[in-house]
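Annotated features, as they stand in TrEMBL:
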type	residues	note
DOMAIN	13-414	domain 'Enolpyruvate transferase'
BINDING	LYS25, GLY93, ARG121, GLN169, ARG341, ARG382, LYS407	phosphoenolpyruvate binding site
BINDING	LYS25, SER26, ARG30, SER167, SER168, GLN169, SER196, GLU310, HIS337	3-phosphoshikimate binding site
ACT_SITE	GLU310	active site, proton acceptor
Amino acid sequence: MPSPHWSAPVAHAPVDAVVPLPGSKSMTNRALVLAALADAPSRIVRPLRSRDTDLMAGALRALGVDVADDSADWLVRPGDLTGPARVDVGLAGTVMRFLPPVAALASGEVAVDGDPRARERPMGPIITALRALGAVIDDGGRGALPFTVRGTGAVDGGEVTIDASGSSQLVSGLLLAAPRFEKGVQVRHEGPPVPSAPHLAMTVRMLRDAGAAVETEPDVWRVAPGTLRGGDREIEPDLSNAAQFLGAALVTGGRVTVPGWPTETTQPGDALRDLLTAMGAQVSHGPDGLTVRGGDGFHGLDADLREVGELTPVLAALAALADSPSRLTGIAHLRGHETDRLAALVTEINGLGGDVRELPDGLDIRPRPLRGGVFHTYDDHRMVMAAAVLGLAVPGVEVENPGTVGKTLPDFTELWASMLAPA
Ligand SMILES: O=C(O)C1=C[C@@H](OP(=O)(O)O)[C@@H](O)[C@H](O)C1
Ligand SMILES: C=C(OP(=O)(O)O)C(=O)O
């Protein structure tokens, strides 16, 4: 039986490594949905293989889509969407928000459930919106998982207003399936700002690449009814999962290169270039990829992370090791992520002797000397990654349930060890 804890390795020298990363979770799960709704087969080239993407593939298979392995690629052959089916969304935000609109297009009942924590993540606005668009959903009045989508084989579509301040995925889910709605969709957001703007741009870009007609204006998205094309869809490396590796260059005063960094992308991880530069890194982008070099120490960060919330755990860990305080704001919605990430980061970093305070919409982080101890991870892959960053500089960080990285990066501890191995 594997050890329940992972001893995060201390870096005894500056890292000097090239770290190739698997594909983007966000792009892979969008590509799977678009391929499943297309009018012809698709090849998803270099998809991420992880719990979240396997769950999406499994959910689509349950509805009648053929998703087959072809060496490292996935071949997707769309079919009639049918129930009855049971869908497990695990703890994947992309599956719990992107799959129900697809299930509404199926004929037959689709029962949707996930991990215990999945039942607490925001779902109410998309359930209400889908009903307004013509879907029948039985959620026992909970406005949350579990629920049953009673598909009739078609969704009317039309205009809907939604409060998506809890998650951008509430909008993305409606848009991705909308070309197959009879009237398409117009989604209008009303409420506090929608987070994760790059992920919405990713949805729009991938829909357009598949042939959909999409128009946007601030807080309004329109998708016309139409046919989605099949074909090849190449998946970029997951730039959010680059955060901990590039951060290791800062912590150790070393150098890390992530190959295949796109010159232009909708991934929020691209913001690491500016964020790590603001913390004192030297960042260069060339044919070899993106290279981050650290020097003698690095600084805190004063940043609004609303658009790039998923980078927060690793940035907070870096901030706890910096030479000046940090203030990270715009991230109240992280309370609805895999765990309440604001509370988790406060508890766990302070548990090692840190000084992190929770703000209404973020974190105040004052660096202090840290000591070893158990770092709990709350089924949150990014808490493991944050702990790994702290462990580079703090001996004795024992990370609970490291296997939870399987959500997006099953090989994380192996990649971390090879990054730290002498060249
Ligand atoms: O659409 C996506 O692929 C994602 C959107 C974001 O969700 P939120 O807007 O809920 O933060 C992000 O945090 C998540 O990891 C992936
Ligand atoms: C918030 C995240 O995931 P999810 O897609 O489950 O929302 C994340 O990966 O940081």
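Any Cβ shown, glycine's included, is placed from N, Cα and C.
In TrEMBL, annotation is done automatically, which means it is predicted and not curated.
This view paints the features noted in TrEMBL onto the structure.
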{"residue": "LYS25", "record": "phosphoenolpyruvate binding site", "Cβ contacts under 8 Å, 6 or more apart": "LEU48, SER50, ASP52, THR53, THR94, ASP238, SER240, THR408"}
{"residue": "ARG30", "record": "3-phosphoshikimate binding site", "Cβ contacts under 8 Å, 6 or more apart": "THR94, PHE98, SER172, LEU176, MET202, THR203, MET206"}
{"residue": "GLY93", "record": "phosphoenolpyruvate binding site", "Cβ contacts under 8 Å, 6 or more apart": "ARG121, SER167, GLN169, HIS337"}
{"residue": "SER168", "record": "3-phosphoshikimate binding site", "Cβ contacts under 8 Å, 6 or more apart": "VAL194, PRO195, SER196, ALA197, HIS199, LEU200"}
{"residue": "GLU310", "record": "active site, proton acceptor", "Cβ contacts under 8 Å, 6 or more apart": "SER196, SER240, PRO268, HIS337, ARG382"}
{"residue": "LYS407", "record": "phosphoenolpyruvate binding site", "Cβ contacts under 8 Å, 6 or more apart": "SER50, ARG51, ASP52, GLY90, LEU91, ALA92, GLU338, HIS381"}
Review point. Which of these binding-site residues has the least crowded Cβ, counting other Cβ atoms within 10 Å: GLN169, SER196?
Key: SER196
Exercise for review: Look up LYS25 (phosphoenolpyruvate binding site) in the DSSP assignment and reduce it to helix, strand or coil.
Suggested key: helix
Revision key, fill the gap. Counting Cβ atoms within 10 Å of each Cβ, the densest environment among the binding-site residues ARG121, HIS337, ARG341, ARG382 belongs to ARG382
Practice item. Please list, in sequence order, those recorded positions from ARG30, ARG121, GLU310 with the Cβ less than 6 Å from ligand 1. Key: GLU310
Practice item. For ligand 2, pick out the recorded positions GLY93, GLU310, HIS337, ARG341, ARG382 that have a CB under 6 angstroms away from one of its atoms. Key: GLY93, GLU310, HIS337, ARG382
Study note, to complete from the structure: Under a three-state DSSP reduction, the secondary structure at GLU310 (active site, proton acceptor) is helix
Exercise for review: State the three-class DSSP label for SER196 (3-phosphoshikimate binding site), counting H, G and I as helix, E and B as strand, and everything else as coil.
Suggested key: coil
